[in-house]
Amino acid sequence: MMDSQQHGEQLKRGLKNRHIQLIALGGAIGTGLFLGSASVIQSAGPGIILGYAIAGFIAFLIMRQLGEMVVEEPVAGSFSHFAYKYWGGFAGFASGWNYWVLYVLVAMAELTAVGKYIQFWYPEIPTWASAAAFFVIINAINLTNVKVFGEMEFWFAIIKVIAVIAMILFGAWLLFSDTAGPQATVRNLWEQGGFLPHGWTGLVMMMAIIMFSFGGLELVGITAAEADNPEQSIPKATNQVIYRILIFYIGSLAVLLSLLPWTRVTADTSPFVLIFHELGDTFVANALNIVVLTAALSVYNSCVYCNSRMLFGLAQQGNAPKALLNVDKRGVPVSSILVSAVVTALCVLLNYLAPESAFGLLMALVVSALVINWAMISLAHMMFRRAKQQQGVKTRFPALFYPFGNVLCLLFMAAVLIIMLMTPGMAISVWLIPVWLLILGVGYLCKEKTAKTVKAH
């Protein structure tokens, strides 16, 4: 116990640059691309490629804004620290708790996807059973130490990256060697009703779901406190990841939508697996299902890491119970991991009660929390930059197009909320935002009242 207390509030720096780049890459190549893209293809057709380019640009601006702050002050808790320091107490409290809830929801969505992927082979296994099994395994691994997490995520991401590159190359070979038959042609990108078969409306209405795919890039900021050399590794990871994401997303979708008309894609199956299955290549379809399963587990693994570090950061700020500062001899925030796990376990119950609608509901809730998250990063960055300018400090990794880039990001967030209000099944998650902010407000007032009472005594 003495030893545990001695290490009680210290996370260990054990993540190398390769870990940080692959953690961010792994956080973004997941269910959004492999499963969420199916419903976007049905609505936007090949225009999904343009949608991912637009959302990717906004995500890059947000990453650069967070990156500028993190390089100057690499701390646990990432941007909630900046919201707290440069914006105010409630902003720090709200952004930290919102980010934690965001990744709990993402974790739930990924576990739900795991259940769907397992059903590709074993349709009789309910999604809740698969979710429960992998929930236990991944949390157990995260209770070891940060290096084990870093190595595991590194190899998870390597599998995904190699698989997507191999799929692009194999798909391109099928396309240009005529092996896949006359139905496989680049003309599928514009001949099946046009590049935007349902017009701009079809694409615009899908931007919220596309945005779901890019949630996870901010993990670069969360890793800062455990990075060996954040001044070099964070800028490198930030700049390189976005190019790779766009190549993987745009490249893979362009090849897939050339191999088979977009009209053949169904909402409940990964389009990656479906297209090769439709082409009669069951070996590749099975291999890709292993990859998409690995992808979901990889993102869930990142979520477990992220949630525990965010709770740890909130406790350091006094915005969460001090018991969450408990760190064992290996530098693992055990209490934070266990609390996050207990809440995430609700996913198993949701999949038991509503297996058909669980993924769609969780995806909508994730996007609402992500909108709050990205908007707060952008606003906190504006205040951070203003403070640094007043101090005469020149930052080492400045964000792009400040302050116009920030304004563009905020307008994009507002547009996404309007789109969600007009989308059946998503509107409820937008109406829950003011309720959620009210709960955060009450929580903050209670925390402040408790702090004053303690001071008085």
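Cβ from N, Cα, C; glycine included.
Look at Swiss-Prot and you will find 1-20 (among others) tagged as topological domain 'Cytoplasmic'.
Annotation source Swiss-Prot lists transmembrane segment at 21-41 (among others), citing sequence analysis.
Taking Cβ pairs closer than 8 Å, the transmembrane segment (43-63) reaches residues 37, 188-190, 192-198, 202-203, 205-207, 210-211, 213-214, 217-218, 220, 238, 241-242, 245-246, 249-250, 253-254, 257, 262, 374, 377-378, 399-401, 405-406, 408-409, 412 in its own chain, all 6 or more past its ends. Per Swiss-Prot, transmembrane segment is recorded for 43-63 (among others), and the stated evidence type is sequence analysis.
Panel annotation: around the topological domain 'Cytoplasmic' (64-86), residues 11, 92-96, 99, 218, 220-222, 224-227, 230-231, 234-235, 238, 309-310, 312-314, 316-317, 319, 376-381, 383-388, 393, 395-400, 402, 405-406, 409 of the same chain, lying at least six beyond its termini, place a Cβ under 8 Å from a Cβ of the stretch. Per Swiss-Prot, topological domain 'Cytoplasmic' is recorded for 64-86 (among others), and the stated evidence type is sequence analysis.
Swiss-Prot lists 87-107 (among others) with the feature transmembrane segment, giving sequence analysis as the kind of evidence. Within the chain carrying the transmembrane segment (87-107), a Cβ under 8 angstroms from the stretch's Cβ atoms is held by residues 77-81, 215-216, 299-300, 303-304, 306-307, 310-311, 313-314, 317, 319-320, 340, 343-344, 347, 362, 365-366, 369-370, 372-373, 376-377, 379-380, 383, 436-437, 440-441, 443-444, 447-448, all 6 or more beyond its ends.
Per Swiss-Prot, the feature topological domain 'Periplasmic' maps to 108-117 (among others). Listed as Cβ neighbours of the topological domain 'Periplasmic' (108-117) (distance under 8 Å, sequence separation of 6 or more from its ends, same chain) are residues 30-31, 34-35, 125-131, 134-135, 268, 270, 289, 292-293, 296-297, 299-300, 303, 344, 346-348, 350-351, 355, 358-359, 362-363, 366.
Residues or ranges marked as transmembrane segment in Swiss-Prot (evidence: sequence analysis): 118-138 (among others).
Annotated topological domain 'Cytoplasmic' per Swiss-Prot: 139-155 (among others), in sequence order.
What Swiss-Prot lists as transmembrane segment is 156-176 (among others).
Counting residue by residue with DSSP, the topological domain 'Periplasmic' (177-201) contains 7 helix, 0 strand, 18 coil. Here Swiss-Prot flags 177-201 (among others) as topological domain 'Periplasmic'.
Under the heading transmembrane segment, Swiss-Prot lists 202-222 (among others).
The feature topological domain 'Cytoplasmic' is assigned by Swiss-Prot to 223-240 (among others), with sequence analysis given as support.
Per Swiss-Prot, the feature transmembrane segment maps to 241-261 (among others); the stated evidence is sequence analysis.
Averaged across the topological domain 'Periplasmic' (262-271), pLDDT for the predicted model comes to 74. Taken from Swiss-Prot, the feature topological domain 'Periplasmic' covers 262-271 (among others).
Beyond the ends of the transmembrane segment (272-292), by six or more residues, the same chain brings 31, 34-35, 38, 113, 117, 120-121, 159-160, 163-164, 167, 170, 174, 180-181, 184, 252, 256, 259-260, 264-266 to within a C-beta distance below 8 angstroms of the stretch. Taken from Swiss-Prot, the feature transmembrane segment applies to 272-292 (among others).
As annotated by Swiss-Prot, topological domain 'Cytoplasmic' applies to 293-333 (among others). Across the topological domain 'Cytoplasmic' (293-333), DSSP helix (H, G, I), strand (E, B) and coil residues number 28 helix, 0 strand, 13 coil.
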Please indicate, using numbers and ranges, the residues of the same chain that are 6 or more beyond the transmembrane segment (359-379) and have a C-beta under 8 Å from a C-beta there. 35-36, 58, 62, 65-66, 79, 83, 87, 91, 94-95, 98-99, 101-102, 105-106, 108-109, 112-113, 116, 208-209, 211-212, 215, 218, 347, 350, 406, 409-410, 413, 416-417, 420, 425-426, 428-430, 432-433, 436
Tally of helix, strand and coil residues over the topological domain 'Cytoplasmic' (64-86) according to DSSP? 17 helix, 0 strand, 6 coil
